[in-house]
Structures are given as C-alpha cells and as structure tokens.
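Annotated region 'Disordered' per TrEMBL: 26-49, in sequence order. Per TrEMBL, substrate binding site is recorded for 101, 175, 200, 230, 234. What TrEMBL lists as domain 'S-adenosyl-L-homocysteine hydrolase NAD binding' is 235-396. As annotated by TrEMBL, NAD(+) binding site applies to 266, 267, 268, 269, 270, 271, 287, 390.
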C-alpha cells in the first residue's frame, strides 16, 4: 500500500535476529543470583534497610501486581476510605506471619492506612512472591521473606520480625500458629503487652484451643478460620478454583477420566471435589466425620478408605489439617506416575520425611515438582514437597482473599479497641454482625441489591431489620 518493499529475510537471518536481540529481564528471570538474602546488604530508595528479601530491584513489578489485586479487593479499599479519619488502629504494632502475596500486601497497606505499624514474615517457605515483598520493602514495610527459604531461614525471619530493640508488638496476625509458637517459646514476656491474636488457619486455631484448654493462653484470640466468611468463601470457592490451577501448572495433567482421591470433605475438600467432578474426574473421598461423609455421599462421591483405592488412583489430594494422612505404606503402594499433593495448611499430611531414604531417588523435574523413584523404577510425582499446593505452585482468586483479609482486619480492630474485660484469655469467634458486614462490602461488585425486611416481617422473625440475621452458632 505504497510502503517500500521490505528487504527479504532468510530463515537464517530471522533466527540470528531472534537469538541475538537483547531481551529485557523480568522479575521471573531465572538468572537471579543465588546469594542468600541473609548475606546481602540492601536498602530501599529512602535508605531504609530494616528488611530481608530476595531483591529490592523487583519493587516496580511487585507494585503493579499489588495495584491489580486492589481492583479485586473492594472491601479493603472501602475500609481505607471509611476509616481514614478515625484511624482505628492508631498505636497498634502488628506482627504478622502469613503468605506474602499481592493480596496480603493490600491487607498490610490497609492496616497501615488505619494507623498500624507492621512487621511481617512468611508462613510458608514457598508461597512468597519476591516482587511483592520487594514492593512492600520499598514502601517502608519491614518484611523478612523470600521464596525458597530453608527451615532455618524461616525461623530466622520470624525472629527478625519479633526481636527488634525499641519495638514491641501489641497485636499478632498469624496463619498456622508458628509466630505465636515462637513468641511463646522465645519471648513469653511480650504477651504482657499483646492485646490479642488473630488466627486464620485450621492448624493455628487447633493450636490456640490446645493452649486454652491447658490454661496457657495468655491473651484473647480471634478464630477467623471458623467465621462464616472464611469457611463458606475462602475455604470453598478459593480451593474450587485454585486446585485445578495448581495441578495444571505443575503437571499439565488432563483431568477427564482420572481417578482422584480427596482426603477430607470439609470446605476445602468440597471445593476440590466439585472442581474435579466438573472436569470429568472420577472422585473418591475419605472422611472420619460421619456428617461430612454423608454430605460427600449425597453430593455423588464414593466414600472409601484410602487403603481401598490407593493402588488405582491417579491423583491423591490431602485437605484434612491432620498429620500422617498419607504414610509411607500408602506411598509404596501407589501406581507409577501417581500425583501426590496437599491442599491443607500444614506440610504434615503427607509423610515426606519417610521418602528421604537412601533407596529412593529424588529428581527435580521443574520448580515445585519432584519425581520420587523406587528401586524397581516406579515413580510418584510429589508437588511442593507436600506443602500447600495452591499458594506454592499457582495463585489464588483475589476476590475471595479480599473476604478473608477484610475479616482479619476487622478482627484486629475489634480486639485492639475492645474495652478491658470484654474478651478474656480464650478463643473467640468473630461476631456475626461483622461477618455480615464483610459480606455486604463485597455485594456492590456484583451490582447486587439486598431485600429489606418490613417492620412486620422483622417482628415476626424476632430480628433487627439491620441484622444480624443468623445466630452466633450458625456456620
């Protein structure tokens, strides 16, 4: 169309141009140096060095990811606007141990906007998004985390969060209970100034109830895991989407026709089963609880003992929150090529330690994917070394995490501002009114319109027109 005829290029020149042209490196560049972050001296643009992350130069990439997450976290953004003048967390010094992702960054920046000071470590050695940690460090947050920490790094990072001269936390936000455990073990006197603990995982809540039963819980604790907004949304809907994402990214597996056993039919198990069934998988369920077991049966799943199907299944998924669900005997009996992974918080569900023996060979296939090979040549595919699949190997839906993060923020505000005596040294559930408030903040995203009770209807049901609409025992 009038433009000059381009010079003809041969395949050779095209290949040369492709191979020789410089390509800009991104935050996913595998050429990151392997120096431990603990051996680096890094500063952000303001000269602050109170952090330990992989690479501060990745901050711009992380900031873009945080901005994307903000668009899918409407309730946290609404909290920032509504509480700008009040600063309900003014004076709060929050020490946190959670997954460090773009969604967590939105929560941390919301807490800061509400007046809190924050110091943070990761609750999982594989789930940290390095670029997000860099963006937080550049923004002035004291973050101690990077993807691929060793066990020693993990505890070192938690200690750096807690142990700072002249700074003592007065609130704990935990995911799994490791931070709470560390303070109890190393710095028990800190609990004299700590107002409360907010915990969001099955594992961490179980630990808190154990402390409470033994009379060793020093401060009030809020059980976010069993709030309706966490159980019915994060645990169910988040896992329903992220189980497929994690398996696809790591193994490229075809789900149609595959035989899968899901261990546990709580909310996480329900989400996993629904997703796999929809993709055409043949799904078996194991359960200890007869109520959850009956639900699985009525949802169309076959209830089995793991020993009955372990030789035939293609994929084994644990989501019980327990330990030793898949032991060495089961691993020995699995078929060649069986995929083994965990969707529960803790890495105790699969007995990975039993696989680290001289007769078995480990081969790293790709990041977070290992072949474990038996002497006869049989191999299983182990994902994330038995740690949480979705946050180690993929991502999770931001909108669902917005619901949990908002619940965590409100729990912190409630405990921090509660008058003395409202909460004793025990474990509490979030008031139902707050659960409903969290849900209402997310409804505008769907252009949803709630129906309002008339005075007559409210009187008939014995309810306040503005809620709460469910009793506190409702789950």
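Glycine is no exception: its Cβ is also placed from the backbone N, Cα and C atoms.
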Nearest recorded site to residue 271 (NAD(+) binding site) by CA-CA distance, among binding-site residues 175, 230, 234: 234
Candidate with sparsest Cβ neighbourhood (10 Å radius) among 175, 287, the listed binding-site residues: 287
Alpha-carbon spacing, residue 269 (NAD(+) binding site) to residue 230 (substrate binding site), which is rounded to whole Å: 14
Residues near residue 266 (NAD(+) binding site) in space but at least six apart in sequence (CB under 8 A): 235, 292, 319, 320, 321
Residues 101, 175, 200, 230, 234 binding substrate per the record - widest CA separation, whole Å: 18
Arithmetic mean of per-residue pLDDT over the domain 'S-adenosyl-L-homocysteine hydrolase NAD binding' (235-396): 95
Nearest of the binding-site residues (267, 268, 270, 287, 390) to residue 101 (substrate binding site) - Cα to Cα: 390
Recorded NAD(+) site residues 266, 267, 268, 269, 270, 271, 287, 390, farthest C-alpha pair in Å: 22
Least Cβ-crowded entry, counting other Cβ within 10 Å, from the binding-site residues listed as 269, 271: 271
Cα-Cα distance linking residue 230 (substrate binding site) and residue 270 (NAD(+) binding site), given in Å to the nearest integer: 14
Chain-internal residues near residue 234 (substrate binding site), provided their CB is under 8 angstroms and they sit 6+ positions away: 400, 401, 403, 404
